Amino acid sequence: MHINIHLNNEPPSETTLPVSSTTCPESTPRVAETPKEYLYFAYGSNLSPSQMKQRCIVNPNLSGKPLAIAILPKWRWLICEAGYANVLPPPGLRVGAQKSDVADKVPVSGSEDAVYGVLYKMDLKDEAILDGYEGVDCDAEDADGSAGVGVDIRPKEQGEGDYNKWYLPAKIFKWIHSEDESDNDNERESGREGLSGDGGGGEVDVLVYVDEERVRLAPPKTEYIGRMNRAIRESVALGVNERWVEEVMRRFIPAPEL
């Protein structure tokens, strides 16, 4: 039995996580078209490796280790009416409410017209935990492609979930190397080995959590502001473009008072 517990609205404890955060066994079932190798593209509060290590309690040293900074060209970043981060795909990939006049009001994401994210290599059991945080409907129906987006990108319907799981290429902005690891060791231990995109400009397949239904611009929930400021601080330190943060995220997330 799959139990869907939507936890994306709850801030993580600084020390422990609720046991109920594990939901879908292993992670949402996959279809043959899903990439065999992919990284998780975080664009909201999970830009923070600190939060990822708190949430990914099965293998935090793997799942909470940032591997690269990447971008989704032509995608748009917003805070939606739920009060949390969402991303809107380019017009040719939109489904449902993403095709509405409301979605058309989401502004272009900065001068680069792209969304930045931090990439992680997920343990499948930790991915299942994230499915719970993101409110993925584990029992949603298989997509058939009739919405206009291929099942290789969108294998499942969103169903009753808060977010759906999409798989698509992202462009590498930079790989993150640990100071105490050689390139070969870093690739092998992190899971980067065998993935394309050795330097900036290459591509890798990524998992992106997308809310297809809530695309209306809105202010963030109060509790989310602090977590997003931590995510901004940590991701900029890793290499996310600070100008992009100011152009895009700061429209919604006020900077902390000094």
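Numbers here mean position along the shown chain, with the first residue as 1.
Just so you know, glycine gets a Cβ as well, placed from its N, Cα and C.
Noted in TrEMBL for the protein shown:
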type	residues	note
ACT_SITE	E134	active site, proton acceptor
BINDING	Y40, F41, A42, Y43, G44, S45	substrate binding site
COMPBIAS	1-26	compositional bias 'Polar residues'
REGION	1-29	region 'Disordered'
REGION	179-200	region 'Disordered'
(request) Could you round the CA separation between E134 (active site, proton acceptor) and G44 (substrate binding site) to a whole angstrom and send it over? (result) 11
(request) Report, as a single number, how many Cβ atoms besides its own are within 10 Å of the Cβ of G44 (substrate binding site). (result) 23
(request) Count the Cβ atoms, other than its own, that fall within 10 Å of the Cβ of F41 (substrate binding site), considering every protein chain shown. (result) 27
(request) State the three-class DSSP label for Y43 (substrate binding site), counting H, G and I as helix, E and B as strand, and everything else as coil. (result) coil
(message) For a quick check of packing: other C-beta atoms within 10 Å of the C-beta of Y43 (substrate binding site), how many?
(response) 24
(message) Counting only residues 6+ away in sequence within the same chain, which have a CB under 8 Å from the CB of A42 (substrate binding site)?
(response) M52, G117, V118, L119, Y120
(request) Please list residues from the chain of S45 (substrate binding site) whose Cβ is under 8 angstroms from its Cβ, counting only those at least six apart in sequence. (result) Q51, A85, Y224, R227, M228, R230, A231
(request) Let me know how many other Cβ atoms fall within 10 Å of the Cβ of the residue listed as 'active site, proton acceptor'. (result) 22
(message) Taking 10 A as the limit, how many CB atoms besides its own sit near the CB of Y40 (substrate binding site)?
(response) 23
